[in-house]
Amino acid sequence: MKMSIVIILLLFTCLIATNGASGTKCSGSPECVKFCRTKGCRNGKCMNRSCKCYLCS
């Protein structure tokens, strides 16, 4: 019983972490550059229809 609660909590934590890590939806990298610069990052790329920001301070 305790093990199943631990597994459920672990899955719930993973779902929250992946949801917070995802960027905005995109169709091309130029959209992400503007979005990432507003967040304080130097560059951004569109990967799997989601913005990924790089070189953040």
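Note that Cβ sites are derived from N, Cα and C of the backbone, with glycine treated the same way.
Feature annotation from Swiss-Prot assigns signal peptide to 1-23; the stated evidence is sequence analysis. Among the features that Swiss-Prot reports, disulfide bond is placed at Cys26-Cys46, Cys32-Cys51, Cys36-Cys53, Cys41-Cys56. As annotated by Swiss-Prot, site 'Basic residue of the functional dyad' applies to Lys45. Under the heading site 'Key residue for immunosuppressive and anti-inflammatory activities', Swiss-Prot lists Lys45, citing experimental evidence as support. Residues or ranges marked as site 'Aromatic residue of the functional dyad' by Swiss-Prot: Tyr54.
Features as recorded by Swiss-Prot, highlighted on the structure.
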residue: Cys26; record: disulfide bond; DSSP (3 states): coil
residue: Cys32; record: disulfide bond; DSSP (3 states): helix
residue: Cys41; record: disulfide bond; DSSP (3 states): strand
residue: Cys46; record: disulfide bond; DSSP (3 states): strand
residue: Cys51; record: disulfide bond; DSSP (3 states): strand
residue: Cys56; record: disulfide bond; DSSP (3 states): strand
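Within 10 Å of Tyr54 (site 'Aromatic residue of the functional dyad'), judged by CA to CA distance, lie the following disulfide-bonded residues from the set Cys26, Cys41, Cys46: Cys41. Each of the disulfide-bonded residues Cys32, Cys46, Cys53, Cys56 was scored by the other Cβ atoms within 10 Å of its Cβ; the lowest score goes to Cys56. On its own chain, Cys41 (disulfide bond) has Cys53, Tyr54, Leu55, Cys56, Ser57 as residues at least 6 apart in sequence with a Cβ closer than 8 Å to its own Cβ. Neighbour counts were taken as the number of other C-beta atoms within 10 angstroms of each residue's C-beta; across the disulfide-bonded residues Cys26, Cys36, Cys51, the minimum falls on Cys26. Calculated from their C-alpha atoms, the gap between Lys45 (site 'Basic residue of the functional dyad') and Cys36 (disulfide bond) amounts to 9 Å. Annotated pair Cys36 (disulfide bond) and Cys51 (disulfide bond), C-alpha to C-alpha distance, rounded: 8 Å.
Cα to Cα, Cys51 (disulfide bond) and Cys26 (disulfide bond) are separated by 6 Å. For the pair formed by Cys46 (disulfide bond) and Cys32 (disulfide bond), distance between Cα atoms is given as 6 Å, rounded to the nearest Å.
For the recorded sites given as Lys45, Tyr54, the lowest number of other CB atoms within 10 Å of the residue's CB is seen at Tyr54.
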